[in-house]
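Copied from Swiss-Prot, the annotated features are:
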type: REGION; residues: 1-398; note: region 'Carboxyphosphate synthetic domain'
type: BINDING; residues: Arg129, Arg169, Gly175, Gly176, Glu208, Leu210, Glu215, Gly241, Val242, His243, Gln284, Glu296; note: ATP 1 binding site
type: DOMAIN; residues: 133-325; note: domain 'ATP-grasp 1'
type: BINDING; residues: Gln284, Glu296; note: Mn(2+) 1 binding site
type: BINDING; residues: Gln284, Glu296; note: Mg(2+) 1 binding site
type: BINDING; residues: Glu296, Asn298; note: Mg(2+) 2 binding site
type: BINDING; residues: Glu296, Asn298; note: Mn(2+) 2 binding site
type: REGION; residues: 399-539; note: region 'Oligomerization domain'
type: REGION; residues: 540-916; note: region 'Carbamoyl phosphate synthetic domain'
type: DOMAIN; residues: 665-854; note: domain 'ATP-grasp 2'
type: BINDING; residues: Arg701, Lys738, Leu740, Glu745, Gly770, Val771, His772, Ser773, Gln813, Glu825; note: ATP 2 binding site
type: BINDING; residues: Gln813, Glu825; note: Mn(2+) 3 binding site
type: BINDING; residues: Gln813, Glu825; note: Mg(2+) 3 binding site
type: BINDING; residues: Glu825, Asn827; note: Mg(2+) 4 binding site
type: BINDING; residues: Glu825, Asn827; note: Mn(2+) 4 binding site
type: DOMAIN; residues: 910-1047; note: domain 'MGS-like'
type: REGION; residues: 916-1047; note: region 'Allosteric domain'
Amino acid sequence: MPRRDDIHRILVIGSGPVVIGQAAEFDYSGSQACLSLREEGYYVVLLNSNPATIQTDHRIADRVYIEPITVEAVERIIEKEKIDAIEPHMGGQTALNLAVKLKNSGILQRYGIKIIGTPVESIELAEDREKFYEFLKAMGEPQPARYRIRRDHIDEDVASIPDIPVIVRTSFSLGGTGGSIVQNRQDLLAMAENLFRASDIDYLEVNESLEGMKEIEYEVIRDSFGNCITVCNMENLDPMGVHTGESIVVTPSQTLSDIEYQMLRDSAIRIISGLGIEGACNIQFALSEGRYYVIEVNPRTSRSSALASKATGYPIARIAAKIAAGYGLHEIKNPITKSTFAAYEPSLDYVTVKIPRWPFDKFSVDRTIGVQMKSIGEVMGIGRTFEEALMKAIASLDNAFSSNIRLHVPDDELWRLIGKPNDRRIFAIFEGLFRNFDVKRMSRLSGYDEYFIEKMRNIVEALRNMDMGRIPENLLRIKRIGIPDEIISAFCGVPADTITKYRIDRNIMPVYKRIDTCSGEFEVAVPYMYSTYEDEDETPDLSGSIMIIGSGPNRIAQGLEFDYGSVKAILALRDMGYRSIMLNSNPETVSTDFDISDALFFEPVTPEYVVNVIRRSGCAGLIVQFSGQTGQNMARRIEEILGKHIVLGTSTESIDRIEDRTVFSRVIEGLGIKQPPFAIAENENDTVRKAMGLGLPIILRSSHVIGGRSMEIIYDVDYLADRAREIFAISKNVLVSKYLENAVEMDVDFVSDGTSYSICGIIVHIEEAGVHSGDATMVYGPGIVPVDIEKKIEGIVGSMVREFRLIGLSNLQIAVRDGDVYVIELNARSSRSVPFISKATGIDWVRLAVECMIGSRIENKRMEAKSYFLKVSVFPFSKFSDMDVVYGPEMKSTGEAMYPGRTLAEALRKSLQRSISSVLITVRDEDKPRIVDIARILLEKGVKLYATAGTSKFLADHGIPTETLYRVRDRREPRILDMISSGSIDMVINTTEMTAGAVRDGFKIRRICIMRGIPLIMNINLARAYAEALGQVEVDYREIGDYLQVS
């Protein structure tokens, strides 16, 4: 059947900023969809507010709108672009929910818009839990018992539920948001009351808990002809009760019998066909002793779709887009083999293991995992055996366990970690095996199948009884099991790099196999590779190519922005005539799409695996600038192992001088460049002494970290001692830096060739200095930076380029106070702000950087901003109920959104995505004088003002009337929490003293704002900016290129 000719201009809706439960996988699926539809001759328009994505690049879609993902924006785009079809299945829950709103609002009907792919009715049937329950019931499919708790009948409905524990779920939600397993009625009652207070939902869905059963997933794809295949099935090591996004997942399933496999496959196809799915979807089952229950269906591409695509090589999103265009599976060629069709189910002769990456190294919160997601990213390991795939996944995590799987806790604590779902459970089981714990008991407590624990025992036995100080004689056998050199090092006491060199000298090296969707039955056109210690090597000739290493798993401070840089660098190399190799371990990303680079090696991003690929491929150069801190920290080690210079761009010697804060600060001092007063501390006592010498407040900064890890503004001497102790656990020395109060921070990205440079743009933080650049609200636009400050910055950049011979991209962070410019830090790599400034200027800065690395010169481009571009961070606070909404020098955000405008007020207004008619003000004493003018502005714009008692009195003394609200402990009404819960307040301005009591007082206010999605402004400068933006501000939605033309 030919492609559909009843549609011509298609709007693809993206997923917006990265949040927990919705991350880089939707950049991957959305990019694939756009390219796939354009291949068919359709005019593709993209809407996505996330500038860090590849899909918002002009190479992906014909027209790109980096605008809020709202009904209002979509309607305006429909009018402007004459849209006749919308593809909402590639943008996660955000796009799917928006499609339903567009239908319910009548916009689809009014403009004659078609939803291509799975119909909206099918989406609603799968997403609405009540409708889905009735659908499964009519089909005779088994499902857990279902109950409902209504807003107005909480006590009655909770009392009527016969079986506890239960699982609480909400409809149309993301990453299990609002979900939880509840063990008793009292907790269920409390949870229901909290959820109803924090949202506008009318009822809660409550299901029988299936805790302990196996969780199995099938990735299914179906066309409009009724052809339906399962791309793969996936087995969760963690049992039911742990969200699949939180679980360790193996593909293909390892413990199912053929009868069980076929039973679930048949059920999946029946259900997907019954729903009328046209495209990709994911279905989840609970399984125990031949019995199964249907849990849910995701009627769209998902996190699991990206994982299945990378695990099998089957490009699910690309095929789903072709189906949306009208093709059948029997008509679509498999792009990996280029000879078979998409109707063939993939066949695997290897194993993949996915492990989530949690942010518990950033957040001191409860490490228990459950039905609501907490992980930020994930990694995947590929091997010929489960053991090999598991160990490669562990190596890819880039955390403490990547170099040592031992867990040093007492036995009773170890049993607790084995029995309770948490991020360390698999390492607790490893440790239990080292201590000869009973396998059956560990299986019973954890829910892990004995099969997996026995496989883990093989790893433990290979590591036992190594002689300290000696490389094991049976090294080849250990490597065949899949154990990385870093972990071998921990058990034999020989440095990992020494082991790697030893292997190279004795030719104990891996070969590389191809992922081909067909277990080698057909010729493969694409080199998608993984390593294993066997005999036959399938690596193509890649001599003279250039390798780019990715940034590994998404995590706070190192996420999608770096994948953007990696992909753009690959495309630049291709345009320049160079072949490229990509090495990465993240299954969510565009960079690990098999046809982005000339060869993809899906391997851990560690020195061992990078060196292995370099030696096997014969590549001529290595680019580490787009791998975040990961690449910076390993660059020198890679060159030392190889015994030669191979890193392109800034030299590893310069990188080391810049990354060591002590050395860097002294170099800057020698250059005569201003920096905040500082001292170098060698231990905890020295830290306290030098901090007191500088005078509080101060900031402690450690070396070789990203995202300001462990950094914090410290006002209190007792707290200083505690923080110093924690930092010296990860750092040999600490830079004690005076905190510059009332300064403005700026980010300066620039490209240089070692002598000349071009500044990409100067981005100004709206908040005062002290908020991490990854968390700050930032703006780029005309007239933002005074001319005299620009000239001083240019002078500093020139000095840096010449001193460190910077080649490629670099990022300089500065603070400006009283006309003076102070250097905070320099990063000799691409930064988080590079995608943002690239979209704001319309210039491919990554390409210019790669040209410099290859040997070209850079011309100084003086950028003249034409419009305003606002960068707003997105935080994960809603997922961590015990985490306060307070930010500072250590980064906490998961993603970002960009809001362009012809004026700054327009950009700010877009970022609110709601009208503001009432504001609650509650600020600390030192901010009260500054809040007066802000309150007056709000009042003049017709905004109703509320305030807490102290703030209300202060404003009244300055002639500004407010209505006073009270805390619960005040025992007076109206109460703050009630007013926020009732929807009477549209925005909250809250600053707090950084003392335990003050933070605790504001905690509930901040939490309920986060849960209800109410704008929470925690900085006076930012409050002023938003106050000035309110009122009659004209808002329009434009293609990103149009903002570059507006003067």
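Positions of Cβ are set from backbone N, Cα and C atoms, glycine also.
Remember, predicted model here, so these are calculated numbers, not experimental data.
Taking the Cα of Glu296 (Mn(2+) 1 binding site) as the reference point, the closest of the binding-site residues Glu215, Val242, Leu740, Glu825 is Glu215.
Ranking the binding-site residues Leu740, Gly770, His772, Gln813, Asn827 by the distance of their Cα atoms from the Cα of Val242 (ATP 1 binding site) places His772 first. The shortest Cα-Cα distance between Gln284 (ATP 1 binding site) and any of the binding-site residues Gly770, His772, Gln813 is the one to His772. Under DSSP, residues within the region 'Oligomerization domain' (399-539) fall into helix, strand and coil as 69 helix, 11 strand, 61 coil. Ranked by Cβ neighbours within 10 A across all protein chains shown, the binding-site residues Glu208, Glu215, Glu296, Glu825 are led by Glu215. According to DSSP, Gly770 (ATP 2 binding site) sits in a coil region rather than a helix or strand. When secondary structure is read from DSSP and collapsed to three states, Glu296 (Mn(2+) 1 binding site) falls in the strand class. Between the CA atoms of Glu215 (ATP 1 binding site) and Asn298 (Mg(2+) 2 binding site) there is a gap of 15 Å, rounded to the nearest whole number. Closest to Arg129 (ATP 1 binding site) in space, going by CA atoms and restricting to the binding-site residues Arg701, Leu740, His772, Asn827, is His772.
In space, Glu825 is the closest of the binding-site residues Glu208, Asn298, Glu825, Asn827 to His772 (ATP 2 binding site), judged by Cα positions. Taking the Cα atom of each, Gln813 (ATP 2 binding site) and Asn827 (Mg(2+) 4 binding site) are about 9 angstrom apart.
Of the listed binding-site residues, namely Gln284, Asn298, the sparsest CB environment within 10 A is found at Gln284. For Glu208 (ATP 1 binding site), none of the binding-site residues have C-alpha atoms inside a 10 Å radius of its own C-alpha, out of Asn298, Arg701, Leu740, Gly770, Glu825, Asn827. The distance from the Cα of Glu825 (Mn(2+) 3 binding site) to the Cα of Arg701 (ATP 2 binding site) comes to 10 Å. Across the domain 'ATP-grasp 2' (665-854), the prediction's mean pLDDT works out to 91.
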